[in-house]
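Q: This is the structure I want to talk about, given as structure tokens.
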Amino acid sequence: MSRLSLSHPQQAKKAHFNAFMRGSGHHSAAWKHPDSNPKEDLDLDYYAKIAQIAERGLFDSLFMADNYSGLGRRLEPFTLLSALAALTKHVGFIATVSTTYNDPYHVARKFASLDHISKGRAAWNIVTGHSKEDAENLSRLEHPDVAKRYEIGDEFVEVTKQLWDSWEEDALIYDRDTGIALDSSKVYEIKFQGQYYNVKGPLNIPRPPQGYPVLVQAGSSENGKELAAKTAEVIFTAQQTLGAAQEFYSDVKGRLSRYGRTPDQLLIMPGLSPIVADTEAEARDIEDEFNALLNPKQALKRLSNYFTVDLTEYSLDSLVPVDKAKPYGTITTGITSRQEVVVDAAKRDNMTIRQFLARSAAAHGHVSFTGSVIQTADFIEKWIRNNGADGFNILPHIYYTGLETFVDKVVPELQNRGLFRTAYEGTTLRENLGLARPENKNRAIWALRRELEQEQQKQQEQQKERQQDQQQEQQQKAQ
């Protein structure tokens, strides 16, 4: 296929990429493939190699999902990402942390620590959680409903920002001549009092190198989109078609002005699961090879969660019973948007259950693409140039080979088209993403507070002097 030739006013726009780390890979049968070694996914060396491949490919960051339940083999994000920070120089680190099942002070401190350790490469994927099992594992009486979780999340983020801002940039002075290490007048108690949190502050670690870690949000629900417009700087999402992606892109970017923000302050990055080879036929063969390793009954049990019937009771060549889909929003208290994407795709493309299974095996609701290097670059270029995305969260079907092929073949093709960087732009994740470093929002408030305190002190001194003068006058009259 010939290269796609697009005429678009945003010719200078370049794509951003994150590598989504997930076990042996994102295809459900990746662990069965002879190129994988599933026992390695608890090994630091395994993740170090993924990080080094991503950095060689000039990826912006590595992304780690997380939860507090289930039978997965999940390393704790801060532990792993801190270790990887010591083994890399440029690639960033996105840790997923729930606002429902954590404390703002702890989260602010952990991210500040990761940002300092990595010299400004940390990012926080803000989630509210969707599993009642998380609540049961963390001694909570109930899993809050969606509205309450987002209320909690909104306040949680505000507290963490204020904690990061509880230090002015030049609070640490280390003046050996005077023996003063810290100017305590530039470290403040935030005294936050809200509906869900009361936090005195200050944080016990200086402000992060990036000001704040990059704030990321994942989700496409109404609540999620509004949170992204208000707070996030990167949003991970899942759209199956360019039209749907453009609609989402326009919707979310259009909400930013409500919060005094501009479109360039939020990057939209859908998930993309690419299977790439030199030719389309070779890529299709790889896809077939992995799909042949699937256990259909096991995979369909998982997909049946979206329906009121058990899909294993249907023939693989029958149409997906989309009329049996559960009402959106009733699966759990928080994965409505992903359900809509998956079920709507089956309805739109009139899929058989076999096709539905194959489509879902690697992408898990994100867009999948199987094709040659040129076709893959065409696909990415079309979405980037036509306001469907600012970049992609890459979901390799298998580690390491899926990521290596993308880095060694697709990245150079995109660079040749002027669509991807040829070197990192800076040393921090913010600089590489083109995001401004946030100013300390409390600095102006504290400057005004100091000014008022000084003025108050001056008035008190003047009042004291007047009183002394009056006393002297009275004493003189008495004499």
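Here the Cβ of each residue, glycine as well, is placed from N, Cα and C on the backbone.
Unlike curated records, TrEMBL annotations are generated automatically.
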Q: Name the one residue among Thr96, Thr99, Thr100 that TrEMBL lists for the same FMN site as Asp66, Tyr150, Ser220, Ser221.
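A: It is Thr96, as the record lists it for that site.
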Q: Same chain only, sequence gap of 6 or more: which residues have a CB within under 8 Å of the CB of Thr96 (FMN binding site)?
A: Phe63, Met64, Ala65, Asp66, Pro77, Asn125, Val127, Ala218
Q: Just how many other Cβ atoms lie inside 10 Å of the Cβ on Asp66 (FMN binding site)?
A: 16
Q: Suppose we draw a 10 Å sphere around the Cβ of Ser221 (FMN binding site). How many other Cβ atoms does it contain, all chains included?
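A: That number is 18.
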Q: Widest Cα span across the FMN binders Asp66, Thr96, Tyr150, Ser220, Ser221, in Å?
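A: Output for FMN binders Asp66, Thr96, Tyr150, Ser220, Ser221: max Cα distance 19 Å.
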